[in-house]
Structure formats: C-alpha cells, structure tokens
Amino acid sequence: MSDNDTIVAQATPPGRGGVGILRISGLKAREVAETVLGKLPKPRYADYLPFKDADGSVLDQGIALWFPGPNSFTGEDVLELQGHGGPVILDLLLKRILTIPGLRIARPGEFSERAFLNDKLDLAQAEAIADLIDASSEQAARSALNSLQGAFSARVNHLVEALTHLRIYVEAAIDFPDEEIDFLSDGKIEAQLNDVIADLDAVRAEARQGSLLREGMKVVIAGRPNAGKSSLLNALAGREAAIVTDIAGTTRDVLREHIHIDGMPLHIIDTAGLREASDEVERIGIERAWQEIEQADRVLFMVDGTTTDAVDPAEIWPEFIARLPAKLPITVVRNKADITGETLGMSELNGHALIRLSARTGEGVDVLRNHLKQSMGFDTNMEGGFLARRRHLQALEQAAEHLQQGKAQLLGAWAGELLAEELRLAQQNLSEITGEFTSDDLLGRIFSSFCIGK
C-alpha cells in the first residue's frame, strides 16, 4: 500500500438509495475515466455517460465529473461517478474499476488526508469535515461549517503570527545586547505578550463552547431506589424513555438519552438505585451505575423529598458523597415537591446547587435545564463560533501555560532565553492544531476515524 496509489471508494452511505457515488483520486483517475467512460469528460462539467464493463457492456448510466489536479478536493486528479444507488450496481462498478492496475480501496479518511497533505486543507479544517457529518444539532452543524471554512484556523494562525513577531523582538534583544533599545526592559515586550495572552484566552473560551457543541455534557442521575430518577429522565427527554413504577429497583441497568438544551448536547444517564443488592443482576446494575458516575461531567443526586427534610448532601447520605470523585460537581435534586409542598426553584448550599422540583408533574424541570446549561458555561447567544476537539483544548491550554511561564520569566529575572523558549513551545502547541507541527501517529489516529469515502 502506497500513498502514490490511486484510490477509490463509495462516497455515499452503504445500502439502497436514489444515487450512489464512487470517488477516485490519483494519477490513474484519468485512465479510469478513459477505460470506464470511453472518454475524458470536460473539467468541472457534468457529463451524462454510460459506465462500461471490460467487454463493452453497460453496467450503469449516470453523471461523470472530472476534476484535474491540483484544482480538486484532494489536489490530485479526481473522478466522480454518480450512478444509481443500488448496492449490486455499485459493487459491479467498483469491481470493474479495481481491475485497472494501480488502484485500491481507500482507507477511512484517506481522501481528506490527501487534501491535507497537498495543502488543500489544514488539519482543523479536515477534522471539521467529520464533525459536520456527525453534527447532532443545527448550531453544531453551523459551527462545524465555520471551522471547515477556516474560522478556527484563522484565529489560531493569528496567534501564531503574533508569537512569531514577539519572538523576533525577544531574540533580537538576546542576539544584540549592546543595541541602544533594550526590548526586554522598555515595556513593549510585556505589552505585546499581554495582548497575545488576552487573545488566546478569548480563543480558549470559544473553543470550550465549541467542545460543548461537539462532545456534549454527560449527566448521571443517581440516588436511592424510588427517588424518581427514571421520572426525571422521562421529564428531561420529553418522552417515556424509562419504565416508572412504585416498585423499588425497577431500573436494573443503565439507560441513556441524548437531548439538546438550546443547542447544547446533553447525554443523560439513568442508573440503578444505589443500595445493598438483593441479587446478582441488581449488583451488576449498581456496579455499572458507579462506573457511569465516575465518568460524569455532573451528577444529579436525586432525593425523595418525602423521606427527609435534609438538604445538605453530606447529611442526606454521607457514604454516597464520600465515594464520589473529589472534583465531581453535584446538583442536589429534591424531588416530589408536588407532595411535600416545597417552594420550587434553585438555591446554593455549601458549594452545591439545590433544586426543588416534581419530576412527575414537570414543575421545576425548566429550572434544572437552565442550571445544566449555565453550569457548563454554555452561551446560547454565541454568534459564529467553531467546533473544537479535546486535542484542540489541550493544545490551547498548554500554550496558555507556556505564555504564563514566559511572562513570569520576563517579570522576574528578565531571562530572555527562557522567555524565548516558552514562546517557541507555545507556538509549537498552537501549530499542532492546524497541522503545521504534527506527528504522523496523530495524523493516523485523526483520519482513521473518518468515513471511508471522505
């Protein structure tokens, strides 16, 4: 297998459909056109032609599109054949194309990888293709499209350019210490560094929003049996996703629902009631519940308001609180306010949010929705924006750390060499986002997660 091979893959989903598309990219795309179509179509024009087998018989008839390199998606010669979407027809056509020497089936994401390697896309834009396909909401799709069109990359490149300019001044001061202007001590470097830090903080804030749009928030509903966990899941989902009865221990396994709150994806997980298990099935369910709790972004600690007047989680169930991960955020949800007569709404207690509601009637559930949105810092009024992955956030955080360390070197010891090194490392972190500085291993992991025909 070589990167110089001509590759072919189905670009439409497998199965039956009105249209099926095969995409070919590489040096032999021209030969495929001449062999299967009998001619080379006019560049970038739709040509209605028969698709022929080796014996001259017609396999299908459809649209052929020819994009000679470098003016194509991959930067190579690209041919697209758009025929009927039957799996048998597409399979026959694919087998016909693969009889031509030098062609092979594309790896997942290989078309996008070639576009990146041929400077048609940077890495953030290439990732945005997969994110656009996987978008679960309108806002996520729009943000992915912004990333594909270069919005995120432009912000990152602006930061890289600013750091390059800053490094020039710092390294000039190091290399020419006898010059009249001392760049390190006249305040210019500090002012420029502060500007870059402020710009980076703004990008980090937008990236966190973009990460929420892409990844969503994992919320686990946990508590004792019959506290109303499944009723709350149904109320948040807006449908009867879970069976609700008065029998304690009805929920034996993990139930998952994916919803959106004003565009923010929310992964809600209902778990088995936590208690001493009465049988092996319940024990396994409780064990899975704890596994989900430990991986949550937030836990909704469900409390049956008819069984206790306590509001402090450590007082309600100290053993449960003691077992939770130290930094895991908790929201105490006192349920059954329709029975207890408690005032609906939210308050703060010892660093925890406390919400009183009725999962059965739905009263107070909107307060919980708003709380979940605000607790993650999600901005529904965000204009534009872009999607961000975990690796993007990590690179931005590392760059911010290096800039803060560089600032400390500047203000503390005026150590120009150490400042220059911190600036270089920050620049390297940012360049990893767009692929200007990226390991082959990372590229392999990123593109292998794409669809076959992308």
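Start at 1 and count along the chain as shown; that gives each residue its number.
Note: Cβ is positioned from N, Cα and C throughout, glycine not excepted.
Residues within less than 8 Å, Cβ to Cβ, of Lys120 ((6S)-5-formyl-5,6,7,8-tetrahydrofolate binding site) and separated from it by at least 6 positions along the same chain comprise Phe73, Thr74, Gly75. DSSP gives Lys120 ((6S)-5-formyl-5,6,7,8-tetrahydrofolate binding site) a coil state; it is part of no helix or strand. What Swiss-Prot lists as (6S)-5-formyl-5,6,7,8-tetrahydrofolate binding site is Arg23, Glu80, Lys120, Lys454.
Here Swiss-Prot flags 216-377 as domain 'TrmE-type G'. Per-residue confidence over the domain 'TrmE-type G' (216-377) averages out at a pLDDT of 84.
Within 10 Å of the C-beta of Asn226 (K(+) binding site) there are 22 other C-beta atoms, taking all protein chains into account. Look at Swiss-Prot and you will find Asn226, Thr245, Ile247, Thr250 tagged as K(+) binding site, backed by sequence analysis.
Swiss-Prot lists 226-231, 245-251, 270-273, 335-338, 358-360 with the feature GTP binding site. The Cβ neighbour count for Ser230 (Mg(2+) binding site), using a 10 Å radius over every protein chain in view, is 24.
Annotation source Swiss-Prot lists Mg(2+) binding site at Ser230, Thr251.
Around Ser358 (GTP binding site), the C-beta neighbours below 8 angstroms that are at least 6 residues distant in the chain are Asn335, Lys336, Ala337, Asp338, Ile339, Leu344, Gly364. Counting in whole angstrom, Ser230 (Mg(2+) binding site) lies 50 from Glu80 ((6S)-5-formyl-5,6,7,8-tetrahydrofolate binding site) by their C-alpha atoms. Rounded to a whole number, the C-alpha distance linking Glu80 ((6S)-5-formyl-5,6,7,8-tetrahydrofolate binding site) with Ala272 (GTP binding site) is 51 angstrom. Secondary structure from DSSP puts Ala272 (GTP binding site) in coil. Listed binding-site residues: Arg23, Lys229, Lys336; maximum Cβ neighbour count within 10 Å falls on Lys229. Between the CA atoms of Asn226 (K(+) binding site) and Ala272 (GTP binding site) there is a gap of 10 Å. Most Cβ neighbours within 10 Å, among the binding-site residues Glu80, Ala272: Ala272 holds that distinction in the structure as shown.
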